[in-house]
């Protein structure tokens, strides 16, 4: 059967929708075409770059009539850098699209057609929100450069200013590059697995303004380390300067070994009234302002009175657990990463919280074991990775039959799949609240309240 479009041919079309990755969707003779960087309402000229059986991909050649929702990106590399996918879409339209994305997934994947999805909670100022930057460092044409990778590649897009990062990081980034050039420190080549300096990671405390600088190296030590410390401290009042030794040939950014060059081994920041210790290796939400919005909503949906036993599956460093512990009788947290559980225990002690207990292991193994031992829950909170909840965990949730389940999701597709299972087993979805944790990107978090 002949397809209505041909590769490398040019076509004009109107964008009528946007896909899950923010790409524009249009039709040519009822044949669907996906076009990156096009948005609903655009009239565009495109060149077809790939043709599949039932759809194709096009490249935006010319913007004939811009959508009323289109804005000029403030970043000069927004179209090539992989960090932001939606800077060309007005922020109000971004929030509307994220609400629709959640609603479409619940409907299409979960078969949940009559559930209200509340408007996405956005930021007042949707820029400069990230408290962590991980800059790959490369040698390009003899010059040491850093920036971020292009989408789905390891091609470095050099930049000095990132509009979703804390601007205080820029002076440190420039000082590090100048130090590497001055002392001719070798730069890592990921193909050959040679050279020393791999990445620069900077973490900042939004509320405390503490800063950590972590240089990732392919070796045991950094030449001229004292001068490195001086160079950093000359441009910023940092709390912690750390070397991370990453000797493996892999795409992971950090190795497992750290050496403190100056200051503390961690920084402190707050979410609400709670303090959290943030080490180089520990996970901490990158948007602290919206994290407080997210956790406050999760706590609201849990409706705790002080008498409840709560389980927090996939608890990480205990951030949601400790929020819940302020209102619950007892909270049990489960996390597969041992270092995260150590952080969770430290954070509980830091906040003088004694009614939270943490276990290392897979949630789908630990919680069923506890259930077999007679430990049940009035409320269960799940905050799984992108793949969603393990089926064994979901089965145990049904057996434990808590009055409420609060589901915090970072992926609307797996959220829809898991909600469909829980609804089929007798739970009802009471509230669905998307939260914009990552403005200018296609990602959306969602908090869902379920009850018996």
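Residue numbering: from 1, along the chain as shown.
Glycine is treated like the rest: Cβ placed from N, Cα and C.
Curation plays no part in TrEMBL annotations; they are all automatic predictions.
Note that the coordinates shown come from a computational prediction; the quantities given were computed from them, not determined experimentally.
Features of the protein shown, as given by TrEMBL:
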- 4-62: domain 'TRAM' (DOMAIN)
- 285, 314, 335, 383: S-adenosyl-L-methionine binding site (BINDING)
- 410: active site (ACT_SITE)
- 410: active site, nucleophile (ACT_SITE)
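Note on residue 285 (S-adenosyl-L-methionine binding site): other Cβ atoms within 10 Å of its Cβ, all shown chains, come to 22. Within 10 Å of the C-beta of residue 335 (S-adenosyl-L-methionine binding site) we count 26 further C-beta atoms, all protein chains included. Around residue 314 (S-adenosyl-L-methionine binding site), a 10 Å sphere centred on its CB holds 21 further CB atoms from the protein chains shown. Taking the mean position of the Cβ atoms of 285, 314, 335, 383 as the S-adenosyl-L-methionine site, the remaining same-chain residues with a Cβ inside 8 Å of that point are 283, 312, 315, 316, 317, 319, 320, 384, 408.
Across the residues of the domain 'TRAM' (4-62), the predicted structure has a mean pLDDT of 96. Take the CB of residue 383 (S-adenosyl-L-methionine binding site) and look out to 10 A: across all protein chains shown you find 24 other CB atoms. Sorting the domain 'TRAM' (4-62) by DSSP state (H, G, I as helix; E, B as strand; all else coil) yields 0 helix, 34 strand, 25 coil.
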